[in-house]
Each structure stands twice: as structure tokens, then as C-alpha cells.
Amino acid sequence: QTGADDLQTKADRLVQMSICASLSRKFPKATIIGEEELPPEEVNEELIEDGHCEEILKKTCPAQYTGIKEEELVIWVDPLDGTKEYTEGLLDHVTVLIGIAYGGKAIAGVINQPYYNYEAGAGAVLGRTIWGVLGIGAFGFQLKEAPAGKHIIVTTRSHSSTLVNDCISALNPDSVIRVGGAGNKIIQLIEGKASAYVFASPGCKKWDTCAPEAILHAVGGKITDIHGNSFQYNKEVKHMNSAGVLATLRNYDYYASRIPNTVKQSLVP
């Protein structure tokens, strides 16, 4: 174990304990699946969050969700997405992801960027929370489209491979942005910094994509695996998104139609 790994593990575990214990206390019948395998233990009361957000309670619940029972919800938690970047001090890459699924579909999500604005100097407000619900919309950021006619691909920073790079080359991008964290990559799409998020590799998990998917879909975007299959988020589903990720805010079909067959054949759903 290196110091950086220890730091990551401690931060991961504390954040997950806080989120999962707080959620299970309020919603004991919901299924909560977190990235870290945590032994059952008494959680320090200081880690329990029992407040709520007035802004969300002002919104009207979409009709299709008014009859949902608590036990039908699955909550996917990534306590620290972009862990490698966290340990390297690239703090703007780091997000905390909480995704809510019903009937196997991502329906609501929270992306918290705890260090947002960390380079802005004294007096800047640190951190922000982006959230969205299908049928209500997404909030906490300024929706912007990528420059028209430009093909800017956002992809992995620390999990590159020949397959990842071959897939990107085939899309003939104007530029490629390499950043950590799935949450951070979806933010690049919804803030207009990138036009497609492409990851031709099996590394991503359900807790990486559930929250970002709900937010992206709430503003009319689309995310699938490299073959175009939707992700399923029911509690029995395997955790790995083994056929990669393709996501856009607009023009999904343009990118989907250009994924090479050799790449698709290498990634089995």
C-alpha cells in the first residue's frame, strides 16, 4: 500500500459510510450499492446527514414516479470518483456520485464536486452540487452545447489502451480531452466543453454511470455502451459496464455510427 492508496481508501470509506448510513437511516427499504465493500459497523453520528434540500422539495414530483415504493429503488453510490486524480491533487476531477434507479433505469442523480473552484483563490465559493430528475430537469450548472461542427472527445486520463485510442482515432476528432472520473466527463458534455464521451474499455462500473446518466438524460442527452445498449441498474445486475461507454449531449447518432466494428467485437456486453 502506498500513502496515496491509503489516502484514497480512507476518503472513499468515510464518504461512503456517511452517504450510505444517512440514506439507509432515512430510506431503510431502499437497496443501496456502494463501490467500497464496507463491513457492517456502527457509524459515528458525526457522519450522519439528516438535513434536506428545500430547492428540491419545491419541485413537483413527475406523475410517473408518484406511486414508487421505497423498496423498488436502487441507489448506486461512488463516494469518490476520480480517485487517482484525487491522490495526485487534480481536485477538480473529483466527484461524489449518487444515482437513483427504478425499474432498472437511472431516474435521478447527484454529482457533487467538492473542490469545484479550488483554484479560484480566496473568497471563491468552494464546491457545487449538480442534480437532476427525469421529468423535472437538471440544476446547479449552466447547460451549454459544444461548439457546432467541432468534434471534441472526452476520454479517460489514467486507463488508456490501444483499443481506447484506436476508437478515438476512428472518430477523427478535432481535439481530445483526457480527464479523470465519469462524473467529470459528463460535466464536460453538459457544460459544452466536449461533444462526446468515448471509452472503449470495460473499466467503468454502474456506480460511475448511474448518477451522470440521469442528469444527462434529464437534459436530453444519451449514454449507452459502445454497442448502443442502455445500461441496466436493477440490484441483480453485474457491476461492470463491460462494453464501454458512449455519451453525448447532442448528435449521438453521428458518433455511434462511426464506432469501428473491430472495437465493438473486442467489447462484449
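Every residue gets a Cβ built from N, Cα and C, even glycine.
Database features, via TrEMBL:
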BINDING   Glu35, Asp78, Leu80, Asp81, Asp208  Mg(2+) binding site
* **Residues satisfying Cβ distance under 8 Å from Asp78 (Mg(2+) binding site), sequence separation of at least 6** => Gly34, Glu35, Thr95, Val96, Leu97, Ala182, Gly183, Lys205, Trp207, Asp208, Ala211
* **Chain-internal residues near Leu80 (Mg(2+) binding site), provided their CB is under 8 angstroms and they sit 6+ positions away** => Gln8, Ala11, Asp12, Val15, Tyr86, Val94, Val96
* Compute the mean position of the Cβ atoms of Glu35, Asp78, Leu80, Asp81, Asp208, which form the recorded Mg(2+) site, and then list in sequence order the other residues of that chain whose Cβ is within 8 Å of it. => Val77, Pro79, Gly82, Thr83, Thr95, Val96, Leu97, Gly181, Ala182, Gly183, Lys205, Trp207
